[in-house]
Amino acid sequence: MATSGHIVVDVGTDEDASAGQPPVAPVPYLLSFADLSYSVNTNNGSWLTSWMPSRTPATTRALLGGVSGEAREGELFAVMGASGSGKSTLVDALAGRIARESLHGSVTLNGETLHGRRLRTISAYVMQDDLLYPMLTVRETLMFAAEFRLPRALSPARKRERVDTLIGQLGLTNAADTVIGDEGHRGVSGGERRRVSIGTDIIHDPILLFLDEPTSGLDSASAFMVVQVLRDIARSGSVVVMTIHQPSARILGILGRLLLLSRGRTVYAGTPAGLMPFFSEFGRPIPHNENPAEFALDTIKELEGQAPNGTVPLADFNARWQAEHRILENVTTMPLELAIAESVHRGKLVAGSETSGTSSSSVPTFANPMRVEVWVLIKRSFTNTRRMPELFGMRLGTIMLTGFILATIFLRLDDTPKGVQERLGFFAMGMSTMFYVCADALPVFVQERHIYLRETAHNAYRRISYVISNAVVSFPPLVILSLAFAVTTFFAVGLAGGASSFFFFVLIILASLWAGSGFVTFLSAVVPHVMLGYTVVVAILAYFLLFSGFFINRDRIPAYWIWFHYMSLVKYPYQAVLQNEFGDATRCFARGIEMFDATPIAGMTEAVKLRVLDAIGNTLGTSMTATTCVVTGADVLAQQAVTDLGKWMCLLVTAAFGFFFRALFYVVLLLGSKNKRR
């Protein structure tokens, strides 16, 4: 039929062959899936109803209902369908992103089941959203991906060569040194961003490549260029599986195999050229001037709108049509381990090119040792953040403004009972401020979570490497912030102890910032949204301050709440600065009649106060004058009940909290970031 010639083009002909170079036959791979079924519980009640007996039985919805098919290297396998048809679910199932106990059916590559470490190592998954660091250039983004995914044995020159080659293949040469950009920074175009996302996941030349809506949000020209790139990747010997929504006629012409879904069931499986005879035999011939893909999707939507099971006749017809028209193809494959080893030998799977052999150990779990991963993560994070100095500037400005306000309010405190109370207020406010300032660390992982999930899902680096690099990158700014606050407040307030006391003051502020940032980082891995995280952080820090010992002494806290006192992050730095200030037992904070301040006697004349003081001395059998010291630093510490731990022990406990919460952060990442459907 002449009308289909301009729509369906037989790709892979001489026009695309390298000039004068015979093509090298790729290693044969066949990805097969049979009878894939996946259902979810649609009884989405609240957490409260889960504890109550339900009068309505739990209902399930089948997202996949026995879908089968196969994809091979050298061709684009596209999954199509309307929204909610199960496209993304099918690709997730093939990519191992659905828990094995929830997915029924089989997925094999060259006849062997795919799962676990092997699947993550030889595959890549490109999400629908472009998850990239905004202030890195295109070249830097791909270079960091190369340092993660390519082995250390590969020289830096070879890695740069790989990146430069990939930039050319992706058509990004003109944008190579342009930053990715975000809402506040102008960067590359949408189509270029999409190709960069693909490039980060194919830097190691994976055998299996899965993509979720790679053309979503792109104009026709950009979408066509992206699909051309994917076609070239498939021809290099990769199995490329993607979802796509309403492809243009040009895009349809370079797709190799289609799978159309409707509510989890297959309604067509075959080549784009087969769409016209398929719908013609079904009784819905495709007009000559219409895009077959658009007609097919419109027909499916029409049938779905007629009845809940309106596409069942089309699915049944497809089963019969496939049985009648199926052409048995002689697909010769080799054992998977042998195929992987051959790919490694040819340089296809670059991540494993440093090893040889046919055992599963020939493909390492991670391309690089942990120390290399940590160093690359540190470099990437530092490069991205140093190009946004306004973020650190805001933190520094906030803490210096807070320090300036506190310094001017508590300016040059004297050694009197009122001066003691004012010092207590300064220390409580100052130490709690350190933890509230750390709340700005909350959005960091919340925003990076999806990048982290994408990269660790396919073993770009270890989770522990991310935790360590996160801690290392966050530490230097804390040193600057602690020095800035100490310099702003210590001398202006008139704190005692000289250089040694100032040095300890800096250390306890640094430890507080370290513990606070660790606590907030841990919470960022637990809470799903930034606003919810801020609410939780503010509430918990308020409780910490309440039980710190400032509002109520430790010996006055009820026994049933004393456990929270020892859990309070504010308790230990608050107690440490009190001991740092009042640790000198010879320093006097109340002499003679000053002891009557804040008592009923304070309103009497000085003569009366002196007579009362003399009477007290006679009663105690000692001489008490207007210059007699009656309250020392040791007395203040005893009154505040902060003598259970020394200041250096409080410093160690505060610093230990920082390590403890980062360890919890790692546990949450390890247990709660599987990036799989249940």
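Count begins at 1; order follows the chain as displayed.
Cβ from N, Cα, C; glycine included.
Taken from TrEMBL, the feature domain 'ABC transporter' covers 31-288. The transmembrane segment feature in TrEMBL is assigned to 392-413, 425-446, 467-496, 502-523, 530-552, 651-672.
Note on the transmembrane segment (530-552): residues 424-425, 427-428, 431-432, 435-436, 439, 442-443, 446, 520, 523-524, 561, 564-565, 567-571, 574-575, 640-642 of its chain, located 6 or more positions outside it, place their CB under 8 angstroms from a CB of the stretch. The average per-residue pLDDT of the prediction over the domain 'ABC transporter' (31-288) is 85, rounded to a whole number. Counting Cβ pairs closer than 8 Å and at least 6 residues apart in sequence, the transmembrane segment (502-523) and the transmembrane segment (392-413) reach fewer than three and form no contact. Same-chain neighbours of the transmembrane segment (651-672): 452, 463-464, 466-467, 470-471, 504, 507-508, 511-512, 514-515, 517-519, 521-522, 525-526, 569, 572-573, 576, 645, counting only residues six or more beyond its ends whose CB sits under 8 Å from a CB of the stretch. Outside the transmembrane segment (392-413) by six or more residues, the chain places 385, 419, 422-423, 425-426, 429-430, 433, 437, 440, 477, 480-481, 484-485, 488-489, 492-494 with a CB less than 8 A from a CB of the stretch.
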